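The domain 'PFU' annotation in TrEMBL covers 360-456. According to TrEMBL, the feature domain 'PUL' maps to 485-756. Feature annotation from TrEMBL assigns repeat 'WD' to 15-55, 61-107, 108-137, 146-177, 185-215, 225-256.
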């Protein structure tokens, strides 16, 4: 290894090609780099034969159905002359790729939730997951699995001495010999996100608490590095002793002897950072670009490339900069001051260079007088303004007139606007008569026009309530609660509209086909049985008499015969009939008898419709049956007991091009969120959360499907047990994306989730 005296790193080249965040980096050799992305692909980059400073794309690996994260390289052998690559994904799978032809040679299925880490242990692959397990794979087979933490596992690492280290959302790290825990390392104050070997000393950990720690195997903390202002996602070390870390704060920091010696600013969050053997650094950024940085003079990018990067960085910072709650790049230019104001004292904020400057209209002199530069809270902390050293969602300027100075009114969306108005009026020594006017001002300017007024008030000095005409003067003061528009979800949704005539017509048509086929004629229904199906339809149509109508046992047996004996391509009308049958009280009571024993009608149905040649019509009708089961409490135990099996079976529905199937699946997740919150089932809630996040991140997802998945996410975070897991899943970026949507209800539920994130 070459010894590196520290010199400043500079841009060497950019690896452009991904369509979304670059999430992971794997250094195969100094000549070959692999990157993973939220765009579901892995790209392999090779040193350019014509320009040794740059890398060119050599392969795109396609196969994962959700974003790809951790990567590991298996060095070449005779069978795989270019080596293999191991990848883990949000889709719960681990793939092993042949780098010679870009094909998957092993698909390792077993995790129930996102795969967060992969590491090589001699010939074995060890993977970590949000499902709290570590799994060992050998020759494509699962040979060992154990629950390593009581919270999601975010990273796993094999040490040169042979032990494994795992890092978890429970804030701890664990040292393993096989599946035996040797030691627990405590010290971080938040999720442990990244791990790396520190040659000859021990290992490094990166945490959401903003720090990096160097640990000895004895458990002693040898060094703590603090300097990032947000979550640290990754860490890596070089043989020279240098350390690099990547963070949500948009910087890759380089450390020497525990001191930050350089910060490399990026136009987005830095998900990963890795050293090449020669000392160069590769970074993965949320702008979809991987970058290589170097200290070697002959390898530094030319001035045009550096200028282009600096310009991109400047544009990014400009686009994020806010003044007075407004984006700087959306402010009018200074030429807008050529237009006269409409009233004395009118204010206007304009863009001057990289700053926002406020002007006030002087009616007497007919001119705009400059007030000064407008500033907001610091970037990187949700761009929230600061007042008296405290962050708020809003800091309003209030002009009460009468020659009085402008007053600052701080407010959070989670505040009760009446409480905020009362406290502010008392603090400013202003009459409480202004109360209603201030409340309306807050609601109008914070976008909370739909707030349900609750004018209860308790004087902070006397404890008495304010008098409101038409109400008792003894109304109790209420604790301020955040104002959510769409969460938590109460009750479940069902699909209760059916085209009965179409169902009956299709069943009759299919039955005639079977009767005419000598091979299948024994599976067809008799005329009497078809007539009985018609009688069932008549009962189901008459919803006003559900309380007084019933079915015979033979009716259920008849439907069972169709579901079990008819070919898959013909069974969907009968499945659709079952969907409506479970909404009928007596029909549901008869059906449940067929799911409680060894011969489970519903599990058999799920298995049949999700086999290799799964038909969209069968998937759609079966998912809708499951959705409707939630309406009847008698099925709740069954639904909870089999939640993992059910969600795994239909996990690919989120990316179906069939919008109706997408909607049915997202409704299933939403109903499961409601049920599992009620049952306080954390493991189940975490699996539903993971599945809902996949839909929320799916660009092509139908609006209604995305909305229901976001409501499920918000409800699970607000009333469930998985808020911390959701934050570890970067739910904040999902909320931010939702708030930027053109669909009003997506924006609203995104704001709800954002508000939950901010609650302590």
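Including glycine, each Cβ sits where the backbone N, Cα and C put it.
Tallying C-beta pairs under 8 angstroms between the repeat 'WD' (108-137) and each of 15-55, 146-177, 185-215 places 146-177 first.
In the repeat 'WD' (61-107), the DSSP tally of helix, strand and coil residues is 0 helix, 25 strand, 22 coil. Panel annotation: around the repeat 'WD' (185-215), residues 117, 154-157, 159-160, 165, 167-169, 171-175, 221-226, 228-237, 239, 243, 245, 247, 255, 724, 728 of the same chain, lying at least six beyond its termini, place a Cβ under 8 Å from a Cβ of the stretch. Sequence-distant contacts of the repeat 'WD' (225-256), counting only residues of its own chain at least 6 positions beyond either end whose CB sits under 8 Å from a CB of the stretch, comprise 1-4, 6, 9, 193-199, 204-208, 210-214, 262-275, 279, 281, 283-284, 293, 380-381. Across the repeat 'WD' (15-55), DSSP classifies residues as 0 helix, 24 strand, 17 coil.
On the 0 to 100 pLDDT scale, the repeat 'WD' (185-215) averages 94 in this prediction. When DSSP labels each residue, the repeat 'WD' (146-177) comes out as 0 helix, 18 strand, 14 coil, counted as helix, strand and coil in that order.
The residues of the repeat 'WD' (225-256), classed with DSSP into helix (H, G, I), strand (E, B) and coil, number 0 helix, 19 strand, 13 coil.
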